[in-house]
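According to Swiss-Prot, the protein has these features:
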type: REGION; residues: 79-254; note: region '8 X 22 AA approximate tandem repeats'
type: REGION; residues: 157-167; note: region 'LDL and other lipoprotein receptors binding'
type: REGION; residues: 209-289; note: region 'Lipid-binding and lipoprotein association'
type: REGION; residues: 265-316; note: region 'Homooligomerization'
type: REGION; residues: 277-289; note: region 'Specificity for association with VLDL'
type: REPEAT; residues: 79-100; note: repeat '1'
type: REPEAT; residues: 123-144; note: repeat '3'
type: REPEAT; residues: 145-166; note: repeat '4'
Amino acid sequence: MKVLWVAVVVALLAGCQADMEGELGPEEPLTTQQPRGKDSQPWEQALGRFWDYLRWVQTLSDQVQEELLNTQVIQELTALMEETMKEVKAYKEELEGQLGPMAQETQARVSKELQAAQARLGSDMEDLRNRLAQYRSEVQAMLGQSTEELRARMASHLRKLRKRLLRDADDLKKRLAVYQAGASEGAERSLSAVRERFGPLVEQGQSRAATLSTLAGQPLLERAEAWRQKLHGRLEEVGVRAQDRLDKIRQQLEEVHAKVEEQGNQMRLQAEAFQARLRSWFEPLVEDMQRQWAGLVEKVQLALRPSPTSPPSENH
């Protein structure tokens, strides 16, 4: 079966070599073909090299299939998705615990914004994981198709697979940037709401302290000032803690962004390397067979061409 599979791939590449060259971009590197001497080899040696190529590719076919069926990328993205959603949930619960006793309206607004961001992030990362699983299933299905279907779909499938991987990586990159901006904006609005709500209370405290100072004297004024400073200190503490959490979630989003972008680059490089490997395996064989066949046809034509008849010599 392996020898038959390799023979099918050789015939496929010989038939759609021109299509593959047109669909691959200029950025994809190709393995340089080893130079050959000017003296052409006999066609028997060319046939021997053909079987040598088949045996060589047969030893590599299992490795190629293992690379195509590898699920390490999907597993790493799954773990990364779970870790990210866990951190978002922990931040949401901590922020609700800090703002709950002070401002229920602010707590409800922040909770709603964080739930929406959490749902969008989880949905998009789950979509990316499902797409990667779909790519793997399509590759497995492609390897099981008949010779005619495989020959018709090979060139376009490789190009579409590469474009989809690049498009999904770029889409996820843009969405993460939107989430980062949304988280920053939501946290800033929450801090502003806290200041707006407690600002009048501080002013009322100052006004009451001034009024009571005229009635009860200096000791009561000092107590009111101490209460105002204590309340102001608590407000500043809440603001600092919320800002720290905002910085932490920004850093986590940047790390997630970097990891996902790295995974996208790795998938793109793997696809390009696999395409280059296929071409480097079979292009030298196809070119060598075409050259040897042309030489054989030329030799046969020369052998079948009638030789000119020499004139008879006269004896004197």
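Note: Cβ is positioned from N, Cα and C throughout, glycine not excepted.
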Model confidence over the region 'Lipid-binding and lipoprotein association' (209-289) (mean pLDDT, whole number): 79
The region 'Lipid-binding and lipoprotein association' (209-289): DSSP-derived helix, strand, coil residue counts: 80 helix, 0 strand, 1 coil
